[in-house]
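What follows is a single structure, written as structure tokens, with notes after it.
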Amino acid sequence: MSLGLVGRKVGMTRIFTDDGDSIPVTVVEVGDNRVTQIKTDETDGYTAVQVTFGSRRASRVTKPLAGHLAKAGVEAGEVIKEFRIDAAKAAELQAGSSLSVDLFQVGQKIDVQGVSIGKGYAGTIKRHHFASGRATHGNSRSHNVPGSIGMAQDPGRVFPGKRMTGHLGDATRTVQNLEIAKIDAERKLLLVKGAIPGSKGGKVIVTPAVKAKA
């Protein structure tokens with residue numbers, strides 16, 4: 001895994017190219033990423049960098065976490081995230097340092113992970129895009145039913161994984177191979193082409209794309 005940044009989804013807007021084309025973009029604030037710990041093979045069994053983002057009141061921080069952050073000399077954040085990196089990259093970082101938008105560049109392909117917007121309990125039409133039944137012509141009280149969910153006495157059960165009604169959204173999702181359309185280094189903003197998971201103000205994780213095409 002590559003080194004990335006933790007950010008906050010600000011919202012969506014659009015920008016224009018020199019040719020006048022409109023590009024929908026999502027604004028992601030990625031400032032104030034602070035390194036809290038460097039993990040190594042010798043001490044932890046693997047190599048990674050631990051990062052915190054945002055701020056949190058001291059009264060909301062547990063004593064073990066407060067001691068952990070004090071050792072690195074950083075302020076408590078809302079999120080703590082680890083990025084698996086190689087030993088060479090870990091040697092360039094140190095606890096207490098900051099990460100900024102210069103990790104990325106315009107045109108780079110990235111993956112963005114976030115928690116999708118919760119929709120509550122949903123039917124199969126909204127949740128799985130099932131077709132609805134006929135409105136008339138002999139159909140009564142079966143307009144939005146999912147249909148058959150299995151056989152009869154044999155096997156006598158509904159197979160696991162059957163697409164049915166249930167809770168929709170509020171799940172961790174990753175959108176891959178998005179493109180960085182613009183970077184505002186002064187305000188520490190990434191403008192990502194297209195939509196990303198989550199609601200406004202939601203926390204997201206931005207990393208270089210793992211399936212980027214050369």
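The count begins at 1 with the first shown residue.
For all residues, glycine too, the Cβ spot is worked out from N, Cα and C.
For Q153 (N5-methylglutamine), other Cβ atoms within 10 Å of its Cβ number 5. Per Swiss-Prot, the feature N5-methylglutamine maps to Q153; the stated evidence is sequence analysis.
Per Swiss-Prot, region 'Disordered' is recorded for 133-153. Taking DSSP states H, G and I as helix and E and B as strand, the region 'Disordered' (133-153) has 0 helix, 1 strand, 20 coil.
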